[in-house]
Amino acid sequence: MAHLLKTVVAGCSCPFLSNLGSSKVLPGKRDFVRTLRTHQALWCKSPVKPGIPYKQLTVGVPKEIFQNEKRVALSPAGVQALVKQGFNVVVESGAGEASKFPDDLYRAAGAQIQGMKEVLASDLVVKVRAPMVNPTLGAHEADFLKPSGTLISFIYPAQNPDLLNKLSERKTTVLAMDQVPRVTIAQGYDALSSMANISGYKAVVLAANHFGRFFTGQITAAGKVPPAKILIVGGGVAGLASAGAAKSMGAVVRGFDTRAAALEQFKSLGAEPLEVDLKESGEGQGGYAKEMSKEFIEAEMKLFAQQCKEVDILISTALIPGKKAPVLFSKEMIESMKEGSVVVDLAAEAGGNFETTKPGELYVHKGITHIGYTDLPSRMATQASTLYSNNITKLLKAISPDKDNFHFEVKDDFDFGTMSHVIRGTVVMKDGKVIFPAPTPKNIPEEAPVKPKTVAELEAEKAGTVSMYTKTLTTASVYSAGLTGMLGLGIVAPNVAFSQMVTTFGLAGIIGYHTVWGVTPALHSPLMSVTNAISGLTAVGGLALMGGHFYPSTTSQSLAALATFISSVNIAGGFLVTQRMLDMFKRPTDPPEYNYLYLLPGGTFVGGYLAALYGGYNIEEIMYLGSGLCCVGALGGLSTQGTARLGNALGMIGVAGGLAATLGGLKPDPQLLAQMSGAMAMGGTIGLTIAKRIQISDLPQLVAAFHSLVGLAAVLTCMAEYIVEYPHFAMDATSNFTKIVAYLGTYIGGVTFSGSLVAYGKLQGILKSAPLLLPGRHALNAGLLAASVGGIIPFMADPSFTTGITCLGSVSGLSTLMGVTLTAAIGGADMPVVITVLNSYSGWALCAEGFLLNNNLLTIVGALIGSSGAILSYIMCVAMNRSLANVILGGYGTTSTAGGKPMEISGTHTEINLDNAVEMIREANSIVITPGYGLCAAKAQYPIADLVKMLTEQGKKVRFGIHPVAGRMPGQLNVLLAEAGVPYDIVLEMDEINSDFPDTDLVLVIGANDTVNSAAQEDPNSIIAGMPVLEVWKSKQVIVMKRSLGVGYAAVDNPIFYKPNTAMLLGDAKKTCDALQAKVRESYQK
């Protein structure tokens, strides 16, 4: 039994079962009470934890004795962190004085201040510099270390074998801070990077101190000061820190590195990357560059020799682990620099990258100041000590995560990037035994290049899996649902008038559908502008509900007056903006126009109606029909350049006839007519003023703002109609229908109003263009929709006025909020779809007014606008290979995205300067320019137009290729180019130009990224997979003009940047285009 009990409790961790296995059972009788007294001997203790309790360990922080070393291994904050962990900390008196950490701060942090010998005899000693001979005592610091103790310091074991032997005699365990593996998990302990960061920054500060001019360029009354030119060699931590500091001070920064990734980082900081013509990768181990071939070094020397003659300051950081620093700049190169220049050698401690460097010294050689200090981190001792202290405290906590005991295990078998990898790499000596270097870790990640299937191949496979039966069934189901819906409308129709109105709505929608499909994409912007103006017919609803005398006398009349006022803004402003855009498309060779003659049909239509009205004829319905047909003609006229001005004129005639018929049908008294005229005149004046002053580049935000007015007018009209009609609801059999339409119109108007305002804010730069992805936004939108739909129940069930107006107010608030949440979640790149959707919304709001007021004109015009906006939205979505729901709900990815890991882009890019670009342009005979939103933002259309004119005069074939979603609204780029005088007949759409790229000599990509991204066709896992793009990479040569190699709005890397036929011309679009145009002009004038 005793054996069984021992077996059961052998693994017990309860404190009650202590010493059961080792306790002797004494012979003889035992008293029961005695057994209870000795019950503790019957319970086992917890398993003993490995390691030593923190409270039994002392961490020592000695003063650094290396010459001019001002750093200290632990800051007071670091001491406090270790004391909190449980360590006892002792600091040598004065250890932190040079770092501005007096002894009192250490005492306050919980440390004890002791002498040098007591500190070095601690269990764990932390230092900056490796132990060395103390000249005062004439003894080595290692001799004072506690036997079998632990040392954490910079060691450099490969260069200091004698030191390792000395430490081995003391059986020391050594953690070398310079050997921390450069893996992701160890970034917080990487002291080399911390110190290099400080060295890079300090190098720029010292250079600025010894340089005789400003870093930044200045224009003063005394003259112009050019910016300093700085070359930084080495794109490691120090080099990038130098680049960032120099760039922030306004210098022109150039960076060189043999590694492509480092050059990319230079670019991200705004520095100009330099490369040699010879392509060779310099990627080495541990984050360092490897030694390059003889041919590469020769090309490198040639580049450096040229740069020495141009730059003012040289900063070099090139190191090779375990070896002397390479000499990159000869004495002749340095002497070729301008007098007063400065060179800073961050590799001085390893011999230096300059032949003229004197390690540890600052001196002047033939007018060139040389800074060869080897203690740059020490010259910022406070900051350096703080970062080094953070590295050590984080390392100690990471290698020994136990809360009570200090313990870590050194393994020779470990995986790459794990904590075992960090420990084994850092520990260079264990209990006196040298274990440096560490063995190679397992599972080093390797990228196996796998050529994925193209998007077209995957789409073909997907299409092959869908049977004809499924396709036919889907189509039949859609038509069945549509016809069933028509039958349902017939059943619920309250009267014949409703059925007639639905018929009008349906026919107008069909006409609008076929009319808008015929509009050329170049005229999509004028189309949206003219529909904006026509949607101002919400004024008809406002006029119908206005009342009072010179001023409105009731709430409903005030709402109606306000609706009329803001609708008039839309009418006048929309037509004037449309006319301005159409005037831009006129070519010098076009025949003269006599558009004033369109006053004849306008005057006949309106004047004839007034004559008929005076004669006692009531022909308002015919007027509405005529106005509706004119609006149809307006949309149809904008299908081609030749009839576009007629279309705008027909729109004006239609709106004028509709307003005249409305006033004639109402027959207001003179006082009310004055109120109506005043509201429309004021609104029209404001609209004309805005339209006259607006810049064409700001057209998208103007359209969005005008959409908001339509939505607000619809809300006001619906609420006013409810207030006016409420007294008649009890006697009107169709009152329920009126209430439903009023509720629906209020909801649509609210969404249109707020959504348009958010779109305006994003386009104008008032709000961030990035999508606002609220947590749980889909649930929030679903809740708002459910609340809006649910609100109709009390609205219809309770006949009281208070409930009705409250429900309308609530749905207007809910829909307004929903418009904000929906539109805020959509990024700037999707604004073309947002604007077209809002355009469609405004049309449906107008339809609701038409049903509400039983007005054929509003129904016809609303159906036209609604269908045109829907079709444009569909065109935009097809151009991005995305569904409308995906865009509206703030989604990402195309319908073809496979969802796997995106393809990694390999290779190097080629950069050219303006002279190279001019030469390529001169040699090309066929040129295509593909602009993007970058051209719009920079307003670079004018220099490009002038460039096109020059090239055309030289006999070159120059055309433009426009992507449907380039810009921030449909057709925006076409209008901007027309504004600059580019003939519209050389501006082609994507479908027209794509087949011509293989025969094109040169393509200029200006400010475009996603719309020319080949990943859409090459990478099935890309979030833009399957998106139709301009296939510019198929041309013979491509010049991409961008600010940087950064991604576009879709945040997708662009493979064309690294294709062999692509050259990058980086810089601001406007400045680059201006300079390019000037250079081309200069080249042809020679």
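Each position is counted from 1, following the chain as shown.
Quick reminder: no glycine exception, Cβ is built from N, Cα and C everywhere.
Remember, it's a predicted structure, so these values are computed and weren't measured experimentally.
Straight from Swiss-Prot, the features:
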TRANSIT   1-43  transit peptide
TOPO_DOM  44-474  topological domain 'Mitochondrial matrix'
MOD_RES   K70  N6-acetyllysine
MOD_RES   K397  N6-acetyllysine
TRANSMEM  475-493  transmembrane segment
TRANSMEM  501-521  transmembrane segment
TRANSMEM  527-546  transmembrane segment
TRANSMEM  558-578  transmembrane segment
TOPO_DOM  579-595  topological domain 'Mitochondrial matrix'
TRANSMEM  596-616  transmembrane segment
TRANSMEM  622-642  transmembrane segment
TRANSMEM  646-666  transmembrane segment
TRANSMEM  672-691  transmembrane segment
TRANSMEM  702-722  transmembrane segment
TOPO_DOM  723-739  topological domain 'Cytoplasmic'
TRANSMEM  778-797  transmembrane segment
TRANSMEM  801-819  transmembrane segment
TRANSMEM  857-879  transmembrane segment
TOPO_DOM  880-1086  topological domain 'Mitochondrial matrix'
Check your understanding: Restricting to the same chain and to residues at least six past its boundaries, which positions have a Cβ under 8 Å from a Cβ of the transmembrane segment (778-797)?
Key -> 736, 739-740, 743, 747, 803-804, 807-808, 810-811, 814-815, 817-818, 821-822, 889
Review point. Which one, 558-578, 622-642, 801-819, 857-879, has the most C-beta pairs under 8 Å toward the transmembrane segment (501-521)?
Key: 857-879
Exercise for review: Please work out whether the transmembrane segment (646-666) lies in contact with the transmembrane segment (527-546), by counting C-beta pairs under 8 angstroms that are 6 or more apart in sequence and asking whether there are at least 3.
Suggested key: yes
Check your understanding: By DSSP, how many residues in the topological domain 'Mitochondrial matrix' (579-595) are helix, how many strand, and how many coil?
Key -> 7 helix, 0 strand, 10 coil
**Study point:** Contact between the transmembrane segment (558-578) and the transmembrane segment (672-691) (at least 3 Cβ pairs under 8 Å, separation 6+)
**Key:** yes
Revision key, fill the gap. Same-chain residues at least 6 beyond the ends of the topological domain 'Mitochondrial matrix' (579-595) with CB under 8 Å of its CB atoms are 522, 525-526, 529, 641, 644-645, 648-649, 691, 696, 699, 975, 978-979, 983-985
**Study point:** Dominant neighbour of the transmembrane segment (702-722) in 527-546, 622-642, 672-691, by Cβ pairs under 8 Å
**Key:** 527-546
Exercise for review: By DSSP assignment, list the helix, strand and coil residue numbers for the topological domain 'Cytoplasmic' (723-739), in that order.
Suggested key: 11 helix, 0 strand, 6 coil
Revision key, fill the gap. In the same chain, residues at least 6 away from the ends of the transmembrane segment (622-642) whose Cβ sits under 8 Å of its Cβ atoms read 508, 511-512, 515-516, 518-520, 522-523, 526-527, 530-531, 534, 585, 605, 609, 648, 650-651, 653-655, 657-658, 660-661, 664, 855-857, 860-861, 864, 868, 984
Practice item. Report, as numbers and ranges, every residue of the chain located at least six residues beyond the topological domain 'Cytoplasmic' (723-739) whose Cβ falls under 8 Å of a Cβ in that stretch; write 'none' if there are none. Key: 494-495, 498, 545, 554-556, 559, 795-796, 799, 801, 804-805, 852
